[in-house]
Structure formats: C-alpha cells, structure tokens
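Working notes, structure below.
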C-alpha cells in the first residue's frame, strides 16, 4: 500500500518510468501519505515497548522509566498506545491449560472396579459362547458409564462457572483522565493510582508515594507489611527487598501511591509463579466427606450381602457365572456410588441459582454452612446503609447552625443558615465557608458522573462543597503530605500550602470529635481564632451527642499551622440512610432464628438510632462499646455478646474478638462488611460476606461470599438456599437408600429360600440407572421449600441420616420388598421356574415402586398436593422418561431379548400401578399424621427429625 503511494508520488513529480507520464501529487494525498507513515512509525515504536524486569525497573529514574515505556506520567497512555500494546502483550490475565480431553475423561470411568468386573463377566460370556449375555452386559456397562460421565462432566462445567467471580478492578490514568477499569485491561506503561484496600493489579514501579505500606505476605510469606518508596535503588538485590516495586496480587494496607505498570499477565512475577503451579484438586466439603464415609460403609455392607448371596447360590447348585454376573450387577446397583456426585451437583446448582440472584459463593462448603448460620454480624456503613453519604447538618465552632438539602453525589441542593433560611454560597459566611473548605481539602474523593471515586464520607463532603460552589478550592492548594485515616487513630490530615501566596504551611484535619479536639488549642469565631475553653469543648460535645442521636455520623474539622496548634472549625452531620429492604430482611432473618448484630465504629447515639431504624430489636437495644469488649474477661465475653445487638466504637481487633466470642458460645457466625477494617473479621467468621460494588479488594479476598449488587436482603435468599439444599440432599439419600436396601433384600431373600432370581443382571443395571440417574438427580434440584427457611438453624452436628429418616427409609424399603415379592410369588409357576412373564411383572413392579417412592421423597414434611406436581419440571421429565424407557424395555422386541421381558396387558400395568402406589399413599399418610398428630413444639425443637 505504501509502495503504491510512493510510486504515485514519483509519477506526479514527473519522473518517467516505463514510458508513462507522471502527474504532481495532490495536497490531501500528500498529507494522507505522511499520516500513514507516521502511524506506521508509531506502531513500530509501540512494538518496541516490552515488559521490564523488576530488578531493572527499580534502578530507573522516573524520567528514564517514562522514556522506556513511552508514557507521560501526568496524562498516561493514549487509547492508540493501549490498543497496540494489547496486541503485543495480550490481556493482563492468566489462562490455565488444564483441560483434559473429553475422551480421556470418558475412558477414566472404566477404571471403576465394579465396571471392570462387569466387563470381565461379559468376556467370560463370550468365551462360553453366551453372546446375547455378553452384548447385554456390554450395553449396560456403556449406559452406566455414560450416565456417570455426563454427571461428572456437568459438575465440572458448573464448577468452572463458579470461578468467574467478581473481576478485580483498578484506577488508571489514561489520556489525562483517571478511569476505573478492570485489571485485565492494563498494559505495560499504564499509570495506575493505588489507595488503601486496593489489590495491586500488575507489577508496578512506583513514581509517587504517600506513607505506602503493602501486605506482600501472599508473595513473600512475611506477615509484616512492607514500607514503599518512589526513589530509585542502587542495587538490585532480592525481589523481596525492592522497595519501589509493588507486585501483582499484593494488597495496599496503608497510604497511597502511583506508578507505571512494568509487567502484566504471565510477564509479572505472579505470572512466573503461575507458570510453575500445578493444578490442585478442589478439597471436598464436610458434607461430601460424610457422604463418602456413608458410601463406604454401605459399600462394605453391600459386598458382604452380595458375597453371601453368591456363596448360598453356588452351594445350592446354581450356575456360578450366572450368580457372579448377578452379584456384580447387584453391587453396581446397590452401592450408592452416585451419592458424592449428587451432593456435588446439588451444591453447585444451588450456588448457580444463588449467582442468578446476584450472590457469588466462592467456596462450595459455604453453601451447606449457610443452613447452620445462627448469628449475622454486620458492619453498618455501606452494608446496612445505602453508602450514599449525605451531609444534612452543619454546626460551626462559634455556634451557627445550617441545614443542607439534596441527597447523593450530584451536587444538587442548598446550604441554609438557621433560623433565617439564608442560602450560603462560597464564603458569604466565613465560619461555614472555612468549615466546608477544610472538608474539601482534607479529602481524596473525586465525584464523576454523580458517582464517588473514593470513600463515601469524603464524597459527602465534596458534594457539600459543590452545593456551596467551593469544590474547586482544593485546586488552590499544593498537597505536601498526607496522614491517612485508620481505624486506630480515627482521623486523617493533609499538609498543604497555597499556590498563589507565599505563606506558611497549613494542616487540615477531619475525624472523630474526641480525637480531633485533642489537637486543637483555638476555635474559629467568625474568622478570628480564639482560645478553646472548657465551655466551648462542652458545647461541641453536646452538639455531637445531639446530632448522633438523630442517626447522623458526626465529623469534626480543624485547621492550623501545626498538628498540636489547630483551630477547631466545627461539626458536620452526615446521614447514611438504611438500604432499601434492610429492615424487612432483618425481620425475616430474626423470624428464621438468625440473630442480627450491628458492629460499627460510630458513636453510641448514632449506632442506636440506626439500630432502631432497621428494627434490630423490638424491645430495648443492648449495646456494648469496643472498650468494654477489651475489658471483659474472655469467658464472660462469650456469655454477654449473645445478648448484645449493637457494638459501637469498634476497631478491627474488636470485631475479631466479638466473632471469636460468638463462635466460642457455639454460634455459627456470618459477617458482612465492605472495608479494609472488616477483612480480619470476614476471614475469621464461618461465613464472610463482602459487598461487590462498594467493597474493597481486601474485603472481597477475605470473604467466602460476595453480594454483587450490595443487596443485604440477598442474604435471606442465601440462607434459604443453604437450608433447602440440605433438605434436598436428605430427600435424595432417602430415595437412593430405600432402593438399594430393597434390591439387596429382594435378591437375598430369593437366594436364601432357594427361589429363582426375581431380577436378572440387565434388569438390576436398569434399576441402577433410575436410582443414580435423572429421577434421583432431579430430587437434588427440588425448588427450595419456603417452610425450610422458617426452621431454626440446624446444628453442624446434625447428620444426614437422622433417626426419623432411617425409619422412613426402612418403611419405604419394607413396602417395596413386600409388594415386589407378592408379585414374584403370584406370577411364579408351580414348578418354581423363572419365566419371562414372572421376571417382567416383578421387574416392572419394582420400577413402578421406585418411581412412586421418588414422588413421595420430594419432601419429608409436605404432601405432594402442597408442593405441587408441576413445580419441579426436571422431576416430571425424568419420571416420564423412565416410564417411557420401561415401556420400551417391555414392548420393543430387540430390548425384550436384552432384558428377557415379554409384553404385558393393560390390566397388568394398571394392577402394578395400583400396587406400587401403596408406597406413595402410606408415606403421604405418615406425613399427614406427623403434621396433625405430632406436637408443633417438638417439630420445631428437632427440625432434623422432620
């Protein structure tokens, strides 16, 4: 293309070639040619930009670093540069290559010892020229293996969906604007801004630092946070000693910083580790482990019975190969190898249902733990409340009061002096103006498109400044130093100087009144500093108490030349309104036996006001301060925390002590939070729940569960799902064990009494498909029963096989065995020989019993008419498919030969249906009896027996 344009250029200049006359190049064509050449040069330049190893980047001066990555540190990369670099370096992410071929996964199913035994049986049949038996057994093996493969493959695919969690995000400077991006979009040379709570999105060489501490424990194993600098280093040293480099995956624990991305994806140090990582198997959940134990116990029991059957049959002179084939087939059917798979699928499907409700569960064990949750501790700000902080009241240090209208971060509203209702703009009132100025300057938030980038409290102060036309005053100052806010000190301050005037530096401070006022010696009186008297201090404390009692978060503001000589400016009252639906959620959770507790850093009055607003307690609210938590003995604390609904003035260590005390008292504790100060408690709780939108990366990392939309009421759905899943698994266990016991008992009794086998090997394998296949699987996805949510939290010590469940299993098995033996005895000829009609009637009777049993196993407490026939569509399709399959086995000639069946009349089918329905009718009558005859109190006290 370029050669063509050059050729045209030469032609138009008059150079001849090949007898052709050239014309002059047009101006626009000349400009297009120059632009195209410039673009090609720019592309070549971008291609030369490569990731820089940390040991080289750490030695670079800022200017050299900017030159190496072709980036302006003040404006960042252009979109053109980003596009070209992404083509060269790819996305900032890792692609795991652990995909085992599907065919290999399918062949792995044949490693099951029982399957190998069946194949051995088929081989023996071939050697003895019993070809029909060999084909029948081989076909059955293929069907069983395929069903197992589909179940496992579906489970794996579902788990892959769970790994797509809330993606990490970052703040990046591009084309002169600070943008909020997904971390995967970063390229080498991007300028990234870091603040407290952020997860480092890539390897970054720092260029600006303000008291930056980074937790590199995930990278170095050292628990102590590392202090960072922006100065170049003289020596390379070990990676762990590079103080001006921050590595992907580590966490900002304190301070702020900015730097240039030097490595992304697999070019980062984390990527080097990733390349060497071996995929580890996902650990099994406690529920899965208990199901595995149950399965092993039943397997040993089944093998014992099967061995006895084979021994007795052989001693009675029956054909050894026939008895071996029946024994192995019975082992395949009776041993509940599907239990762990169904548990996994049920848990995964439950998690995916929760994901549709915008609740992300990071670890499967949490699903089962949710049903046991008895206490929910919640941070207040951003969790129970809306996280749209709004200033509603001002009180200046000289006693002036003002009210503020408007909600959120759009800057709409006014500041009116009371009682005159005079609207204040800029510095029309000096006392109010100075108060608002301090809140604006001691601030790291940015409001863009009516959304705050930063802390909501700081966003409220910026919105206040916007309402007074003072939002640009921050640009009048040069920030020299920042002392970031922490839960321990409860204040933050900045050291600044005016751009236009040569004056001494000035500090602006904001924070809790009791902490800020300690640094003050003066108070502002209409622009004139006066000594801060005890009377003035008392006035401020009274005002703080008054504002706090209204549910306002109160911030004190001050300014001055030194931290010990500040001038107190006044108080601002900020409301953080409760989220929509929180009050209703608290009420429903309380009714279901979950005690909700609020843990906040706010003052007592503020905490109590919010507690009452959201209905934490119907009577008098019990409250406890962080100081009390420290002073109370460990044993006494475990007794007291259960009665307290509100914890105030707490730090991260207090939250941790409260969680531990509740756990010591026997509670299963869930903790919700969104901030860095919640991270330790989130990790220590049995269930850590973070906010997806407002939550920091640290809190999301520590949590087991994420509310994507920050919707507190979604916790109700999660607890409901957790309880429902446990009951669904119990339903499945009841169905599968009653079928296993029935099949084993049927063959055992016929063998002991020297009768022909009521079921042949192929029929037993078909029953196995029903027992482990779609009808059984569909019980695991039964929609959650609303009554399950009203049940008290179950104890973690509750087992799947409760006393009541065992009795129901034995009752169902007894009915199935009795009914099937009745048909077998009724259809048996006088010579006791096994005929196709005998086995067909017995086989069909057992299958019909099985399907009616599955119908009643859909709920342990509710009648089928209460839960509805049509509610579980998967169950309907599964049962319909099983019925059609059974009819095919009976009436299609090729299948008749395989399963050794014959045609049955319509009256036969009606009779078998009526008889098989007895297991359903008797089970439903038992539910009815339990519902109206058992004491409601007893049912409530022992929900596991229901």
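Residue numbers in this text run from 1 along the chain shown.
Even glycines carry a Cβ here, placed using N, Cα and C.
What Swiss-Prot records for this protein:
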- 332, 333, 335, 337, 768, 772: Ca(2+) binding site (BINDING)
- 674, 678: Mg(2+) binding site (BINDING)
- 264: phosphothreonine (MOD_RES)
- 267: phosphoserine (MOD_RES)
- 268: phosphoserine (MOD_RES)
- 71-95: region 'Interaction with ORAI1' (REGION)
- 1-106: topological domain 'Cytoplasmic' (TOPO_DOM)
- 151-231: topological domain 'Cytoplasmic' (TOPO_DOM)
- 315-331: topological domain 'Cytoplasmic' (TOPO_DOM)
- 772-804: topological domain 'Cytoplasmic' (TOPO_DOM)
- 856-874: topological domain 'Cytoplasmic' (TOPO_DOM)
- 927-946: topological domain 'Cytoplasmic' (TOPO_DOM)
- 107-127: transmembrane segment (TRANSMEM)
- 130-150: transmembrane segment (TRANSMEM)
- 232-252: transmembrane segment (TRANSMEM)
- 294-314: transmembrane segment (TRANSMEM)
- 332-352: transmembrane segment (TRANSMEM)
- 751-771: transmembrane segment (TRANSMEM)
- 805-825: transmembrane segment (TRANSMEM)
- 838-855: transmembrane segment (TRANSMEM)
- 875-895: transmembrane segment (TRANSMEM)
- 906-926: transmembrane segment (TRANSMEM)
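Taking only the Cα positions, the spacing between residue 267 (phosphoserine) and residue 678 (Mg(2+) binding site) is 32 angstrom.
If you count neighbouring Cβ atoms within 10 Å for each of the modified residues 264, 267, the highest count belongs to 264. Here the binding-site residues are 674, 678, and the one whose Cβ sees the fewest other Cβ atoms within 10 Å is 674. With respect to Cβ pairs under 8 Å, the transmembrane segment (875-895) is most closely packed against 838-855, considering the stretches 232-252, 751-771, 838-855, 906-926. Assigned with DSSP, the residues of the topological domain 'Cytoplasmic' (772-804) fall into helix, strand and coil as follows: 14 helix, 0 strand, 19 coil. Secondary structure by DSSP for the topological domain 'Cytoplasmic' (856-874): 7 helix, 0 strand, 12 coil.
Note on the topological domain 'Cytoplasmic' (856-874): residues 727, 730-732, 734-735, 738, 774, 777-779, 781-783, 785, 787, 805, 808, 812, 919-920, 923-924, 927-928, 930-931, 946 of its chain, located 6 or more positions outside it, place their CB under 8 angstroms from a CB of the stretch. For the pair residue 674 (Mg(2+) binding site) and residue 768 (Ca(2+) binding site), the C-alpha distance works out to 48 angstrom. In the three-state DSSP assignment, the secondary structure recorded for residue 768 (Ca(2+) binding site) is helix. Residue pair residue 678 (Mg(2+) binding site) / residue 768 (Ca(2+) binding site) shows a Cα separation of 50 Å. The region 'Interaction with ORAI1' (71-95): residue composition by secondary structure is 11 helix, 3 strand, 11 coil, according to DSSP.
Across the fold, the C-alpha of residue 768 (Ca(2+) binding site) and the C-alpha of residue 268 (phosphoserine) stand 51 Å from each other.
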